[in-house]
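Look at TrEMBL and you will find 28-46, 75-97, 109-129, 136-155, 175-201, 208-231, 237-256, 277-295, 338-358, 378-402 tagged as transmembrane segment.
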Amino acid sequence: MSCLASCCASLTCGLCTSVASGVTRSSARLAYCALFGVSLIVSWVLREVASPLLKNFSWINTSDNYSKEWFQAQAVLRVSLGNFLFFGLLALIMIGVKDQNDKRDSWHHGGWVAKLVIWVLLVALMFFLPNGVITVYSFISKFGAGLFLLIQVIILLDATHSWNDSWVAKDEQKWYIALLVISVGCYIATFAFSGILFMWFNPSGHDCGLNVFFIVMTMILAFAFAVIALHPKVNGSLLPASVISVYCAYVCYTGLSSEPRDYVCNGLNKSKAVTTSTLVLGMLTTVLSVLYSALRAGSSTTFLSPPSSPRSGEKKSLLASEELESGKGSAEARPVSYSYSFFHLIFALASMYSAMLLSGWTSSSESSDLIDVGWTSLWVRICTEWVTAGLYIWSLVAPLLFPDREFY
């Protein structure tokens with residue numbers, strides 16, 4: 001058995017070394033995304049098996065009153081802290097990198113075997129920290145997760161505007177028709193889904209005024225987006241308005257489905273499968289937003305590019321970005337194509353958000369089988385929806401209020 005374990009360990013190390021050595025400059029961002037995805041899987045797995053394991057650690061199991069949910073949150077938070085430290089340290093190290101002649105540029109793209117070892121060590125060491133450190137990190141993570149949600153909203157706004165601009169730039173009738181069809185389809189989906197939310201979260205015979213308020217507000221915001229975007233004085237478009245409307249409806253659903261299962265106005269209070277699907281959608285949204293920020297960093301979002309980057313003032317395709325990174329450009333000292341420091345900061349904040357998602361924002365739940373359930377989760381989602389609406393409306397009216405400033 002020991003010989004078999006030794007062989008398996010040797011093969012695993014060889015595989016990791018082979019994969020790490022195969023990471024090139026152009027695939028480095030995807031490699032960081034893959035590492036982040038692995039950390040989510042590790043967190044999820046440890047959450048399911050944490051209770052019996054952590055009970056054997058005397059420095060963690062310091063009381064007989066700890067519940068299964070508490071041990072699950074401890075496992076998730078400790079993995080998250082190791083992940084946060086890994087990406088946070090990289091973000092600090094990469095501050096000020098402006099061109100590819102900087103030695104730190106090679107650190108960002110290479111040394112993957114060492115990075116994997118450091119990441120594993122950091123995650124493992126977190127399980128030897130006292131509970132007080134994890135309690136402090138849990139408190140800070142709430143604010144870090146909120147900041148990540150804000151960045152996620154900005155990324156969504158950037159994506160919708162870029163999508164709309166790219167199709168409008170083609171200046172062909174078929175693309176205008178496609179824009180109209182997708183926009184109308186999104187609005188139909190928004191209001192149809194809102195109607196379904198009324199049936200799920202406003203059961204007859206109960207006073208569910210709070211749920212009704214949330215759903216009606218979502219519908220009002222969707223209507224307001226279209227009115228403001230199509231106003232003659234506003235340089236808006238229906239596509240971003242419709243996509244943001246669908247997103248707000250989805251966020252409203254995730255918030256309402258996070259209500260406690262014993263709440264009479266939660267029509268899904270007997271469906272544990274819905275909780276799992278909501279978690280999967282939330283994790284998928286997190287991964288996709290991180291992927292988007294990683295792959296499009298500097299190519300469409302100017303705040304991701306350092307001042308020295310040629311893309312800080314203009315948009316270029318992702319292919320051009322990869323050519324710039326892989327050294328296919330000129331032989332001169334090439335500026336970096338995106339901010340390495342901000343890139344890693346995105347992952348550090350996403351680590352905090354994923355921990356809050358898996359631990360239900362560290363609020364107590366009536367069952368360890370329920371993930372991301374409770375009033376805290378509800379209000380986080382609803383506030384996210386309202387902030388999204390506020391930022392989108394601001395992006396439309398700001399040029400009118402401050403005509404002398406450039407917003408794009």
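From the backbone N, Cα and C atoms, a Cβ is placed for every residue, glycine too.
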Is it true that the transmembrane segment (28-46) and the transmembrane segment (109-129) have 3 or more Cβ pairs under 8 Å, skipping pairs fewer than 6 apart in sequence?
yes
Which range wins on Cβ pairs under 8 Å with the transmembrane segment (75-97): 109-129, 175-201, 208-231, 237-256?
109-129
For the transmembrane segment (237-256), which stretch among 136-155, 175-201, 208-231, 338-358 has the most Cβ pairs under 8 A?
175-201
